[in-house]
Amino acid sequence: MTRNLVWAKPNIDSYQKNILSGHSSFTLWLTGLSGSGKSTLAQELEVKLYDMGVHTVILDGDNLRHGLCRDLDFSEYGRLENIRRVGEVSKLFVDSGIVTLVSLISPYREARDEVRNLFDDESFIEVFVKCGIDTCIKRDPKGLYQKVKKEGLRGFTGIDSPYEEPFNPEIVIDTEISTIEECVVTIIDYLKSHERLNVISKS
Ligand SMILES: Nc1ncnc2c1ncn2[C@@H]1O[C@H](COP(=O)(O)OS(=O)(=O)O)[C@@H](OP(=O)(O)O)[C@H]1O
Ligand SMILES: Nc1ncnc2c1ncn2[C@@H]1O[C@H](COP(=O)(O)OP(=O)(O)O)[C@@H](O)[C@H]1O
């Protein structure tokens with residue numbers, strides 16, 4: 001597939017783009033069941049990071065499936081291709097100096113690990129947004145679990161389609177026992193303690 005292609009190397013590298021941004025860039029990959037809290041946390045985190053002067057973009061599964069990924073369904077292939085595409089897009093943003101907040105069920109461990117392999121060790125932070133299926137069903141923010149029950153919606157994650165929990169995520173957020181604010185603080189604390197929010201400037 002990649003035969004006869006030559007990589008076009010840009011004149012400005014990602015470190016120089018980080019200097020322009022004033023901070024390092026990385027992907028925060030929020031994975032979890034529908035209703036676990038991925039979108040809510042990505043949105044709250046973005047506000048917090050904005051206030052700290054950090055440039056961000058949110059890549060939310062629901063939104064991307066209206067455009068970039070609108071040709072994909074929820075079959076295994078559709079989800080794997082979705083994860084692959086969002087991984088590649090997140091890499092483009094990170095290479096451009098932008099912190100990328102991904103909110104994607106991304107139910108397959110191996111597919112998430114393939115995305116991780118696109119990045120250096122520090123630049124991919126997997127966040128397991130942990131929440132039991134019963135709580136997700138109770139929350140049902142979009143009424144989709146009701147649709148599974150009442151309208152026979154098939155292939156729904158956690159019901160009749162698999163979700164593989166990460167073995168070794170950088171961060172685990174349990175949204176059943178922590179408030180939204182507490183979850184945000186946990187993530188920001190992780191980023192600070194791992195020096196991901198340090199100011200970068202030309203020396
Ligand atoms: N069958 C099925 N299973 C799971 N989710 C479904 C399904 N059909 C539609 N939806 C809605 O699509 C959102 C998940 O899209 P993702 O792109 O994150 O899914 S995946 O990573 O490709 O598995 C998901 O958004 P979130 O609730 O924010 O997770 C749902 O709103
Ligand atoms: N600690 C928490 N973190 C995130 N969401 C929470 C938390 N506690 C309760 N919620 C609620 O759970 C729901 C999660 O919905 P959403 O963010 O759309 O989930 P997802 O994007 O994973 O499908 C929201 O209604 C949110 O207010």
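Using N, Cα and C of the backbone, Cβ positions are placed for all residues, glycine too.
Lifted from TrEMBL, the feature list:
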ACT_SITE  Ser106  active site, phosphoserine intermediate
BINDING   Gly32, Leu33, Ser34, Gly35, Ser36, Gly37, Lys38, Ser39  ATP binding site
DOMAIN    25-174  domain 'APS kinase'
DSSP tally for the domain 'APS kinase' (25-174), helix/strand/coil in that order, comes to 64 helix, 28 strand, 58 coil
Rounded Cα-Cα span from Ser106 (active site, phosphoserine intermediate) to Leu33 (ATP binding site), Å: 9
Of Gly32, Ser34, Gly37, Ser39, Ser106, the recorded positions listed, which put a C-beta under 6 Å from ligand 1? Please answer none if none do. Ser34, Ser39, Ser106
Excluding Gly32, Leu33, Ser34, Gly35, Ser36, Gly37, Lys38, Ser39, please set out which residues of the same chain place their CB within 8 Å of the center of the CB atoms of the ATP site, keeping sequence order. Ile105, Val129, Cys131, Cys136, Thr175
Provide the number of Cβ atoms within 10 Å of the Cβ of Lys38 (ATP binding site), excluding the reference atom itself. 28
Rounded inter-Cα distance in Å - Lys38 (ATP binding site), the residue listed as 'active site, phosphoserine intermediate': 11
Spatial separation of Ser106 (active site, phosphoserine intermediate) from Gly37 (ATP binding site) - C-alpha basis, Å: 14
Close to the residue listed as 'active site, phosphoserine intermediate', taking Cα pairs within 10 Å and only the binding-site residues Gly32, Gly35, Ser36, Ser39, are Gly32
Look at each of the recorded positions, Ser34, Ser36, Ser39, Ser106, and point out the one with the fewest other Cβ atoms around it within 10 Å. Ser39
Using a Cβ cut-off under 8 Å and a sequence separation of 6 or more, which residues in the same chain sit near Gly32 (ATP binding site)? Lys38, Ile105, Phe128, Val129, Lys130, Cys131, Tyr163
